[in-house]
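Engineer: Swiss-Prot feature annotations, pasted as is:
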BINDING   Gly10, Ala11, Gly12, Lys13, Gly14, Thr15, Arg127, Gly199  ATP binding site
REGION    30-59  region 'NMP'
BINDING   Thr31, Arg36, Glu57, Leu58, Val59, Gly85, Phe86, Pro87, Arg88, Gln92, Arg160, Arg171  AMP binding site
REGION    126-163  region 'LID'
BINDING   Cys130, Cys133, Cys150, Cys153  Zn(2+) binding site
Amino acid sequence: MRLVLVGPPGAGKGTQAEFVAAHLAVPKISTGDIFRSNVSQGTPLGVQAKRYMDAGELVPDEVTINMVRDRLAEPDASEGFLLDGFPRTTPQAAALDKLLVDLGTALDLVLELVVDDDEVIRRLSGRRTCRGCGKVWHVEFDAPSQEGRCDRCGAELFQRDDDKPETVATRLREYADKTAPLVDYYGAQGKLVGIDATGPVEDVTVRAIDALRSYSG
């Protein structure tokens, strides 16, 4: 099965991608992993990407799409894959459709993790990161025994800039502007399935797998 996973920041995409890919026995492919692999191996595409990254610029779609093409052409993706973090825009989605046609295949399904903005802000703004060991706690869902201190190493906890409510709100606006139109794009193709991403991680995984069973069964 060939899948794309979409959803706003804080929806739990990374976690669900791992579980769903393992359930389907297909590789989880993220653009972050692809970038790191190409850059560390010094591939021609990696060299191009690093040039932009070092300059603090966005890597052009052409470079990203060619990296994705190379990854999807590898043998382990021949029977299926789960894409996490790509596509992010409708032009990227159209390019993905084209490259899959070139590879003689097509997407089967797009899973959308659905969670409202207030819940995303609650999830992300409650995170606290340990200055010592890097462990991430949560003031509501996974609080340390002593407020502001890490149970693991005793170091101070802090709120990353990315987790501050105003930053989260900005990220949500960016998602709505750029990535949310993917929902319409894939909905028009009849490939979109919405998954309620509220509640415990395990419950969300069950909903996602049930949706896949309904599709394939």
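Note that Cβ sites are derived from N, Cα and C of the backbone, with glycine treated the same way.
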Engineer: On the DSSP side of things, how many residues of the region 'LID' (126-163) fall into helix, strand and coil, could you say?
Structural biologist: 3 helix, 12 strand, 23 coil
Engineer: Cβ-Cβ under 8 Å from Cys133 (Zn(2+) binding site), same chain, 6 or more residues apart: which ones?
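Structural biologist: Once residues fewer than 6 apart are set aside, Cys133 (Zn(2+) binding site) is near Cys150, Arg152, Cys153, Ala155.
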Engineer: Ala11, Val59, Cys150: which of these binding-site residues has the sparsest Cβ neighbourhood within 10 Å?
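Structural biologist: Sparsest of the binding-site residues Ala11, Val59, Cys150 by Cβ contacts within 10 Å: Val59.
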Engineer: Limited to the region 'LID' (126-163), I'd like the whole-number average of pLDDT.
Structural biologist: 96
Engineer: For Lys13 (ATP binding site), what is the secondary structure by DSSP, using just helix, strand and coil?
Structural biologist: helix
Engineer: Rounded to a whole angstrom, what is the largest C-alpha distance between any two of the residues Gly10, Ala11, Gly12, Lys13, Gly14, Thr15, Arg127, Gly199 that the record assigns to ATP?
Structural biologist: 17
Engineer: How many Å separate the Cα atoms of Gly14 (ATP binding site) and Phe86 (AMP binding site)?
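Structural biologist: Cα-Cα distance, Gly14 (ATP binding site) to Phe86 (AMP binding site): 12 Å.
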Engineer: Checking the spread of the AMP site as listed (Thr31, Arg36, Glu57, Leu58, Val59, Gly85, Phe86, Pro87, Arg88, Gln92, Arg160, Arg171): what is the longest Cα-Cα distance, in whole Å?
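Structural biologist: Largest Cα to Cα distance for the AMP-binding set is 30 Å.
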Engineer: Taking just the CA atoms, what is the gap between Gly199 (ATP binding site) and Arg160 (AMP binding site) in Å?
Structural biologist: 24
Engineer: Determine, to the nearest whole angstrom, how far the Cα atom of Phe86 (AMP binding site) is from the Cα atom of Lys13 (ATP binding site).
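Structural biologist: Distance (Cα to Cα, whole Å): 12 Å.
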Engineer: Treating G and I as helix alongside H, and B as strand alongside E, what does DSSP give for the region 'NMP' (30-59) in helix, strand and coil?
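Structural biologist: DSSP classes over the region 'NMP' (30-59) add up to 22 helix, 1 strand, 7 coil.
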Engineer: For the Zn(2+) site given as Cys130, Cys133, Cys150, Cys153, which other residues of the same chain have their Cβ within 8 Å of the site's Cβ centre?
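Structural biologist: The answer, listed by sequence position, is Arg131, Gly132, Gly134, Lys135, Asp151, Arg152, Gly154, Ala155, Leu157.
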